[in-house]
Amino acid sequence: MEVFIDLKTCEDRSYSIYIDPIQSIRLSSKTAIVTNPKVAGLHLKYLLNKIEAPELYIITLPDGEDYKNQETLDFLLDRLFDHKLDRKSVLIAFGGGVIGDMTGFAASVFQRGIDFIQIPTTLLSQVDASVGGKTGINNRFGKNLIGAFHQPKAVYIDTHFLQTLPQREFSAGVAEIVKMAVVFDKDFFEWLMKNDLKEEDNLKYAIKRSVELKAAIVAKDEREGGVRASLNYGHTFAHVIENETGYKRFLHGEAVAIGMVMANELAVKTGLLSREDAEKIKNLLQRYNLPVCYEVEDPEDFYEHFFLDKKTQNDTIKFVLPKDIGDFVITDTIKKDQIIDVLREFERC
């Protein structure tokens, strides 16, 4: 299976996403695989048997969101210089979303930009983080506030890597699949309601459909100037939750699941979404053991955290809210008291 992202503008940044077992990757320049110890221990041998390159280096970064920062980026860039990579060299991001974001950002700034390839190894990164060219690091003010749009040259999605994925991380990836269905495709949502993603064929279809939906949006709006903002459904709340908990309590997909439930509650209270549809979405998330509640200790403080998000512009909070399953609205007209009312409902879970 193959999905194509058409980004032919003044510079062709189009690329293919291959959703099949990796057969071979042939490269003609120095190449560095960037990974973490866990992925390397489980899958590096498998990947090395598929890659041909004149010079191949392995760079291992510490595992986890805590290390998605300037210090780790500097370490990675230093290793690229140590190995004498140049502007013709290629980086391979081999891991989950953190590795993909870090490697992509390093590729965007190393010698003013070099090519990179995404080989995502988690469900969440396969259906979301590896597609679309968003790269970056976190800082003390929030998530992904330092970064760049830098498209990969190709993405290889191989479900072989999911065989060793813990159940919790699998469920976190399902949250992003549900997100795509709720925002863009009612038929896909109904299909998800009826089918079990733990079955291999169902999982492959869900990955393909999610990637197709995201690819179509990225092709229309590469740099998030308009419709691509719809992909942030659930994320406005999720990023505050992650920031408040120091990125330790929830996986990203878990925070997004809670964020979707919060966004749905806001949509119900503003008359956009029916209570029945909100419950359908919540029930689907719970079927995969995803959290759907977060204890908001201080609604006013939570509200102020929205303004640290890069999606907030001119002191205005934009929300992506479903107005039906498969349809959405992007709005900046929600009043503070409406938001606070929703947050108060989450003071106790």
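Numbers here mean position along the shown chain, with the first residue as 1.
Just so you know, glycine gets a Cβ as well, placed from its N, Cα and C.
Taken from Swiss-Prot as is:
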{"type": "BINDING", "residues": "63-68, 97-101, 121-122, K134, K143, 161-164", "note": "NAD(+) binding site"}
{"type": "BINDING", "residues": "E176, H235, H252", "note": "Zn(2+) binding site"}
When DSSP is mapped onto helix/strand/coil, what comes out for H235 (Zn(2+) binding site)? helix
Work through the binding-site residues one by one (D63, D66, G97, F161, T164) and name whichever has its CA nearest to the CA of H252 (Zn(2+) binding site). G97
Looking at the binding-site residues D63, G97, T122, F161, T164, which has the shortest Cα distance to H235 (Zn(2+) binding site)? G97
To the nearest whole angstrom, state the Cα distance for the pair E176 (Zn(2+) binding site) and F161 (NAD(+) binding site). 18
So which of the binding-site residues is most packed in, judged by how many other Cβ atoms lie within 10 Å of its Cβ, out of T122, T164? T122
Which of H235, H252 has the fewest nearby Cβ atoms, counting only those within 10 Å, among these binding-site residues? H235
Cβ atoms within 10 Å, counted per site: which of D63, E176 has the most, among these binding-site residues? E176
Quick check: which same-chain residues outside E176, H235, H252 lie with their CB within 8 A of the centre of the Zn(2+) site CB atoms? L124, D128, A175, K179, G234, A238, G253, A255, V256, G259
